[in-house]
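Below you'll find the structure, written out as structure tokens, and then a few comments.
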């Protein structure tokens, strides 16, 4: 937490060693931090979204910089009870210009989550978790506009457990999707909607994935530990970050935000 608000993403700012783009509640900020101190040097707020009166309880959730360095992030309504129930369709998906002006691309979103792009920059993939779908859009890298919304992968069709959460692309154009409440990561083909692989993870709530390691052939998998006492006994490693090796594929490094 920073200034009493929940931080949901941290992305390096290109060309700097100690500056990061973060989200705090409904706000985007630039954090100056040496990576070691328990408190930041500075938090400069640069943008806010969902400023309407009825959306004051919303917060930014997942986000990512697209391959040309433009920030994308989406919102969700406040959790209404401990059972992970969310108010429906209060969120939106935004991108941000270099002067931090937000552009709203989608509305009626419940839990805005994973983002990914194809290597040729012609497609963007996006997850609104409760839909249990990965959606695809035509992507215009220069203007940052998306169009032609369609389903790339449907959890229901393949009886996949859990909800799609964070997501990454490998160099073969396939998507790796974290399955929240599904104890797994799946690899899917967005071109034909096929399920290619399931990787079990010893945590119930798998939250996100990213490629790393010297060869970018290791998959790092995060998980949440917001569990009941009974679930904690079943999944004692929940909350850990896991490293998956030997997958036979490589991914892309994380993209910093460019200003």
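Using N, Cα and C of the backbone, Cβ positions are placed for all residues, glycine too.
From a predicted model like this one, the values you see are computed outputs, not experimental measurements.
Taken from TrEMBL, the feature domain 'SMP-30/Gluconolactonase/LRE-like region' covers 6-224.
The substrate binding site annotation in TrEMBL covers 59, 61, 79.
Residues or ranges marked as divalent metal cation binding site by TrEMBL: 113, 165.
The annotation active site, proton donor/acceptor is assigned in TrEMBL to 165. In sequence order, 62, 113, 114, 127, 129, 177, 178, 179, 180, 206, 207, 208 constitute the residues six or more apart from residue 165 (divalent metal cation binding site) in its chain with CB-CB distances below 8 Å.
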Just name the most isolated of the binding-site residues 59, 61, 79, going by other Cβ atoms within 10 Å of its Cβ.
79
